[in-house]
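Student: Handing you this structure, nothing more for now.
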Amino acid sequence: MSEKTPLLHYRLTTSSEPPDGSKRTGVKGGGHYRRSKDKAAQKLGALFGVVIPTLLSMFSVVVFLRVGFVVGQAGLYHSIAMLLVAYFIITMTVLSVCAISTNGALDAGGAYYMISRALGPEFGGSIGIMFFLANVCGSALYILGLVEAIVSTFGVPQGEVHWDRVLPSGYWWALLYGTALLFLCFIVCLVRDFSISLPFLKNIFSQGTLAAVLITFITYSVLSLFAAWSCDRYLLQRDYSFLGDINILPPMVTVGIYASSLSAAMSNLIGASRVLYALSKDDLFGGVLALARKTSQSGNPWVSVLASWLLVQVRYHNVYTQFDFSSLLEV
């Protein structure tokens, strides 16, 4: 390899073809490239393939537990300004990803796969590690938010007895709740089959990602406006679960918190494992990630899932030790 050789032809192109030399006709996790001729692969449209997953990843538990806190601390004007800056960055990123993704099919690794094929292994490797660690931290954060919501709703308050609060509270109990929830996400990630077809040709003109970005921006802005309009600032600063107290149907807020937190945590755990698996296949770090290439018979990279789960567990424990749950149990 000379200095003038394009980075795109260095090591990465060999991993995108099947090991038997046959031409790939479908995408399946774990390097299995086979597709039944008599059974067409299931394809997702713009709504279920793009809009819904993007909405789930951008809403998460922040909608229910942190919008009011941001308004209470920063004020409405500064909150809207932060949203404008954040969504400007998001929109530019989405446009760049859309431009890259329409140039070809994708394999495991998502954004890392696209960046490494477009910019080369040097950029791809460094960004891939950042994506992996970001997903690990994100999964731990969402589990923490879910445990926070569970303890706030069902934890036994200090000095009081309530018939609907039955879960023991304390440091080790809350740590146990988070560990159990994270283990549930781990089991789901192990048994899921990720044989999918990526319908980019259908989604080029429908711009589902941009539609999801616009919907989330409007939702965050409207919620911030309503929170500033209807709630006292003291309440917004000190009560994370204020939406449940002022909502017409409080149980729906609780369901939304649990569902969004668990979905986001699981999504980040899956994303971290797939990035780690893609890094191991591209052999950017030599034999350090050799074990992460192992897959099950169905093509699921179980070693990458296991390694990601362990790191998320460590990160959750680290974040949890800095979080005070006692304030959530005050009546």
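Every residue number used here counts from 1 along the chain in the order it is shown.
Cβ coordinates are placed from backbone N, Cα and C, and glycine is handled just like the others.
Just so you know, TrEMBL annotations never went through curation; they're auto-generated.
According to TrEMBL, the feature domain 'Amino acid permease/ SLC12A' maps to 49-185, 208-316. Per TrEMBL, region 'Disordered' is recorded for 12-35. Annotation source TrEMBL lists transmembrane segment at 44-68, 80-106, 127-151, 171-192, 204-228, 248-271.
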Student: Mind checking which residues reach the transmembrane segment (171-192)? Cβ under 8 Å, same chain, six or more beyond either end.
Tutor: 139, 143-144, 146-147, 150-151, 262, 265-266, 269-270, 273, 300, 302, 305-306, 309, 312-313, 316-317, 320, 325
Student: Counting only residues 6+ away from its ends, which parts of the chain sit with a Cβ under 8 Å from the transmembrane segment (248-271)?
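Tutor: Hits for the transmembrane segment (248-271): 53, 56-57, 59-61, 63-65, 110, 131, 135-136, 138-139, 142-143, 145-146, 149-150, 153, 181-182, 184-186, 188-189, 192, 241, 305, 308-309, 312.
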Student: Apart from its near flanks, which chain residues at least 6 from the ends of the transmembrane segment (44-68) lie with a Cβ under 8 angstroms of it?
Tutor: 142, 145-146, 148-149, 196-197, 199, 202-203, 206-209, 211-213, 215-216, 219-220, 223-224, 227, 231, 235-236, 239-243, 253, 256-257, 260-261, 263-264, 267
Student: Please give the sequence-distant neighbours of the transmembrane segment (204-228): residues at least 6 beyond its ends with Cβ less than 8 Å from one of its Cβ atoms.
Tutor: 45-47, 49-51, 54-55, 58-59, 63, 67-68, 70-72, 75-76, 79-80, 83, 87, 90-91, 94-95, 97-98, 102, 236, 242
Student: Reported in the order helix, strand, coil, what are the DSSP residue counts of the domain 'Amino acid permease/ SLC12A' (208-316)?
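Tutor: Secondary-structure breakdown of the domain 'Amino acid permease/ SLC12A' (208-316): 90 helix, 0 strand, 19 coil.
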